[in-house]
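Scroll down for the structure; my scribbles are underneath it.
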4 protein chains.
Amino acid sequence: MTSPTATLLISCPDQRGLVAKFANFIYSNGGNIIHADQHTDFAAGLFLTRIEWQLTGFNLPRELIAPAFNAIAQPLQAQWELHFSDTVPRIAIWVSQQDHCLLDLIWRNRAKEFTAEIPLIISNHPHLREMAEQFGIDYHYLPITKENKIEQESKQLELLQQYKIDLVVLAKYMQILSADFITKFPQIINIHHSFLPAFVGANPYHKAFERGVKIIGATAHYVTSDLDAGPIIEQDVVRVSHRDEVEDLIRKGKDLERVVLARAVRLHLQNRVLVYRNRTVVFE
Amino acid sequence: MTSPTATLLISCPDQRGLVAKFANFIYSNGGNIIHADQHTDFAAGLFLTRIEWQLTGFNLPRELIAPAFNAIAQPLQAQWELHFSDTVPRIAIWVSQQDHCLLDLIWRNRAKEFTAEIPLIISNHPHLREMAEQFGIDYHYLPITKENKIEQESKQLELLQQYKIDLVVLAKYMQILSADFITKFPQIINIHHSFLPAFVGANPYHKAFERGVKIIGATAHYVTSDLDAGPIIEQDVVRVSHRDEVEDLIRKGKDLERVVLARAVRLHLQNRVLVYRNRTVVFE
Amino acid sequence: MTSPTATLLISCPDQRGLVAKFANFIYSNGGNIIHADQHTDFAAGLFLTRIEWQLTGFNLPRELIAPAFNAIAQPLQAQWELHFSDTVPRIAIWVSQQDHCLLDLIWRNRAKEFTAEIPLIISNHPHLREMAEQFGIDYHYLPITKENKIEQESKQLELLQQYKIDLVVLAKYMQILSADFITKFPQIINIHHSFLPAFVGANPYHKAFERGVKIIGATAHYVTSDLDAGPIIEQDVVRVSHRDEVEDLIRKGKDLERVVLARAVRLHLQNRVLVYRNRTVVFE
Amino acid sequence: MTSPTATLLISCPDQRGLVAKFANFIYSNGGNIIHADQHTDFAAGLFLTRIEWQLTGFNLPRELIAPAFNAIAQPLQAQWELHFSDTVPRIAIWVSQQDHCLLDLIWRNRAKEFTAEIPLIISNHPHLREMAEQFGIDYHYLPITKENKIEQESKQLELLQQYKIDLVVLAKYMQILSADFITKFPQIINIHHSFLPAFVGANPYHKAFERGVKIIGATAHYVTSDLDAGPIIEQDVVRVSHRDEVEDLIRKGKDLERVVLARAVRLHLQNRVLVYRNRTVVFE
């Protein structure tokens, strides 16, 4: 399976023949489909699909795939994305003081659990510079105050451009991004340390302790301007009991956070997540 | 282990020697402790414990245990309950139209998963009368409207008295009880079909679907006047995906609901749940 | 989605164009695909797929679908099954003394969690006759000894024929079926009360207790002549601790057993399970 | 709770008054119990308990606690261990080529999830020397062949002595230790990459894939001379499907392995694990 692949993520109004039309496009050009999955949202009248095929032996040169597919997609009013598996996406990881998600993502990247380059870490604290240097990643310390937030966000945007970043991962970055920033750079995944929509906002572990829940969770989601309300990619939970103090919830939560965030990042990088109407279809 | 046992559930301000004092009370009277567990809530400065011992060979006759223990408890400002394992509690199950939790509780009772009598079913619908009759349980149909609610609640209270009910289990009873009712009969366990505190109130499965969560849950809790905010006894969850329509969430949720409710009822009937400050300690 | 559907389960040697060919067969005959999923077993060189489409508007009459599809399938050396969603399969449930899986399957069938008729219960014990009668299901008591086993199996086969049974569900039937029986009636799902392949054979809960495991499981699988080694359809687990005696494992296990068995039966009845090489692909 | 504590782990033949006797020993010497839990194995006739109390204000000096308690324990035929929370245990981590468990344990130790010193890494491969040096830990490369195994084990024992090691953690060390070695150094925790007792021995992920299981697991256990059969401390599982190739099982398994191993090490270091009859009581 080392042949490079192309992947189409498509959503379009439901109608007869969509599976056949898309499959024929690949087949008639000599492609070998290695993954095809679909979902129909009957309430929304939408057909959503992911098709991945091997490029070896495919007759269309890469640069012609998009225009050729567009000729099919336009009459169907389809929205679509095309990705190539040998394009290595570039990730910026944003952190505050906690290192567990950062270290975990770096370790997984080195262990080739997903394919990406991580050239940039941005933080509102100086604490994790040493870890960044240990792994040879540039670290930019941009402290945030109420006064300088807009200014710092424009610097952050510049950095994302400069480093040609495709995806921002908020790996326990404890600051809220402005709606303006999100509009300008919408590809952002966040890890929230609760089972959303329970305990939105700050200090979810304290709130969970206070409420006396028997299970805590973590949620990875795309960031939208509506705080903690973006499309959910992945969630997981762990049991707790009355014996768990807040610090135990935090400790147990860390294990959840890093696993849930890593799964979400991996699914995104494999182009398995299709977002529509503030929801996700995850083609696993 | 067929010897009857006595169980003390105690909460009192934390201080040295509590374990020794309570254990000595049992031991000096010839009792054999078969379960002792404790928890300290350091923030609240509270010591919480459950002690269960065999009555065979215990020197104090049953009627003297409470006064004898009170002499120890009072100087410690302890709050406590005393239960005997061979007292069979009487349960009233309240339902609306759904039968899965009701059938499950009846089946578990017959399978001796817990020891209780279920002489009474109350419902605001007539649908489940046949099932009640099948198992020889009295069924009282008390429809609820805005106008007759107070009146019906007084009839319900009369029924609870008449049937000598110790515990009300709301097994998908889709009505809200008044604060006044709860004050008069506070021993009520409810099953809420969400992972509280997410999705309080009505239609949690529709809300969960709308939000696009990847996990749904169920919560069993004691009922308080604050809707869906009572002390949580037990929770559990199950994975869902974009393929699950609302009806799938409801179906999967039913499996959760009956298991979570049954566990909570069993823990309560075994006197393993100690409530304080709107939280529970579950001595498993 | 109340339109009846047809479902094809196909496995064939992997090659280019399969998705397109199968989709075109549906589309060119006017069908609307509502579910299509595929899996490639690269090691085995096999392509496995499930395609479901609405029969309303489909140009081929039902009786011609199989021969028409065969013309496509044969050159591809494909093995395939065709099912119609409005064919109601007939289930025989086999039990011994325990009732929880039986009651659960009956309840789910009545709650329309799956579509089936359950006209027949076979047991090697007389205990559950009353429950069978309560639900109006014929109950055949066929006690098994070493001596009469072959004889009884031929009676059992007769009953399956007589009642036109499509699927046998061993719902805690504590007898081993002969290889000969399984050859004659291969559509059998069993629930094994362990996390296979741990604790094959008898008394898995006692073995689990003895081994001191921290998690127990249940496994639903198709029955093959190799005991407890048939293709696994579904598994689930639950945490246990040192506090759980064997009877607690049995009690907790029952909750697993009925859920796991019900899921497996439902997946089978929805034609979502494709068996190959003693493995299953479950198209969820 | 920063006061140092003492912890007793006791197992003795069950009899009346044990809770009182042990509690009185603490109380009469001015100690404040902060954790007391017990378990009775009725089949074995054994009482097992863990008691932890604050040393601040305790009248007995540390060196007299053991002899004083022995006077109580001996007549009861009790076996017991005494631990002090401010004694920092010394761990040697043994690895082969995989780094995930090693890195995880180091990270957790630095994050103070447990209190220990990790001065020594032993490996039969040279691969992880760089990581060891990065964290300032001595790395000893001792390759193992059939011929040199006994010789290398004696070197390993010397290293354990030299570094004053209290606990060996086999963090994916892919060699079997001799019975002789285990007798000489019995404090060893291993992570096995399956849900024991399923898939003992080598290549469990390949076996799990072959068997087509729907769930995989990991098991942390004390090492005994009987391979993969030592007392289980902790287990956990994760769902897999037909889509998971062997490499996916390995990847998902790694997340399990590091979490399960870390939990087991933490429980051991907090003196929460009591071993008897090849089983564990975990006082959580």
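Our numbering is plain: 1 for the first residue shown, then up by one each step along the chain.
The backbone N, Cα and C atoms fix where each Cβ goes, and this holds for glycine too.
As given in TrEMBL:
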DOMAIN    B:7-87  domain 'ACT'
ACT_SITE  B:Asp228  active site
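When DSSP labels each residue, the domain 'ACT' (B:7-87) comes out as 26 helix, 32 strand, 23 coil, counted as helix, strand and coil in that order. Sequence-distant neighbours of the residue listed as 'active site' (same chain, 6+ residues apart, CB-CB distance under 8 A): B:His192, B:Leu196, B:Pro197, B:Val200, B:Gly201, B:His221. In the three-state DSSP assignment, the secondary structure recorded for B:Asp228 (active site) is coil.
Over the domain 'ACT' (B:7-87), the average per-residue pLDDT in this prediction is 95.
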